[in-house]
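Heads up, the thing below is written out as structure tokens.
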Ligand SMILES: [Zn+2]
């Protein structure tokens with residue numbers, strides 16, 4: 001609503017001039033008073049959240065103003081631009097487009113005024129999903145210092161929607177030159193998307209692109225995971241281990257995501273003990289049932305079920321979670337004698353297992369969206385890196 005109020009400033013300005021002009025004629029005082037009242041009523045509608053009524057009233061005022069055709073060119077331009085914006089805010093984009101297009105084509109307006117019209121025209125196209133047309137307009141604005149930043153931001157949004165990652169990288173790199181950021185999450189994610197989109201025949205090296213992602217956003221877990229997987233494929237196990245273990249420093253909530261790759265790398269190097277040491281360290285630094293379960297698996301392989309059961313029991317007391325409880329019952333069943341006690345345990349194991357299956361694995365910390373799959377851009381609130389593994393969060397299931 002605040003945005004709408006700002007949007008109405010040109011109307012206020014145009015009317016200020018218009019009313020001054022009319023009242024100078026003395027005999028038109030009543031008309032000027034009526035318009036003044038309408039304007040105040042409109043603003044009151046806005047303030048009491050009756051946006052629809054307010055927009056209708058302002059549209060009516062602007063249309064009257066147009067028909068009077070008595071305002072100077074600058075005010076006329078601003079009022080028309082606003083009229084278009086009001087139509088867009090009401091969902092009447094075809095009317096907004098006609099008005100903004102007419103302004104852009106009018107030879108009486110200056111280059112700067114036409115840029116403003118193009119900017120609004122591009123917004124109209126964006127609002128109806130004509131991304132190619134919006135893209136052409138924003139590309140024209142990139143070379144204009146006052147419009148460049150906004151145009152690049154919009155181009156990044158367009159390329160994100162159309163999944164043109166190379167172009168997204170290019171505009172985000174330009175944007176980073178205009179306003180540098182310490183931790184450029186969006187650019188890092190574009191690098192990751194671009195690296196993931198490269199085919200085997202590509203001349204570009206995904207390894208280099210992922211390193212660029214880490215350079216612009218050192219905490220980009222996704223780049224580390226992808227880099228670790230690539231190094232694993234290239235059989236560079238020591239480097240893969242270094243990159244994957246770094247996730248614990250970057251963001252411990254995601255540690256569960258790297259465990260299979262890390263385990264594979266340590267196994268290739270015959271260093272299971274070092275994997276165990278990493279798990280112990282990770283578990284101490286941040287409660288995470290994925291880590292605890294991996295540790296139990298490793299202990300079970302090495303020292304048997306009983307030792308693993310003791311470990312899980314100990315962890316359950318420190319960090320109770322449904323996942324650990326499920327595993328604990330499983331160990332109990334394996335060690336139980338046939339009979340009613342074991343049958344009850346099997347039933348309990350099944351019930352807890354069903355509950356785990358129903359629960360989500362990932363949750364957006366920004367909007368609460370839940371999913372069974374890790375997504376780097378939340379499909380609900382469109383934020384990068386806000387969807388996190390629930391097992392790595394404080395209040396685990
Ligand atoms: Zn979200």
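Each Cβ is built from the backbone N, Cα and C atoms, and glycine gets one as well.
The following features are taken from TrEMBL:
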BINDING   364, 367, 378, 381  Fe cation binding site
DOMAIN    362-389  domain 'LapB rubredoxin metal binding'
REPEAT    221-254  repeat 'TPR'
TOPO_DOM  21-397  topological domain 'Cytoplasmic'
Cβ neighbour count within 10 Å of residue 364 (Fe cation binding site): 19
Cβ packing number for residue 381 (Fe cation binding site), 10 Å threshold: 13
Candidate with the highest Cβ count within 10 Å, taken from the binding-site residues 367, 378: 378
Additional residues around Fe cation, ordered along the sequence, whose Cβ is within 8 Å of the centroid of 364, 367, 378, 381: 365, 366, 368, 369, 379, 380, 382, 383, 386, 387
Residue counts (helix, strand, coil, in that order) that DSSP gives for the repeat 'TPR' (221-254): 29 helix, 0 strand, 5 coil
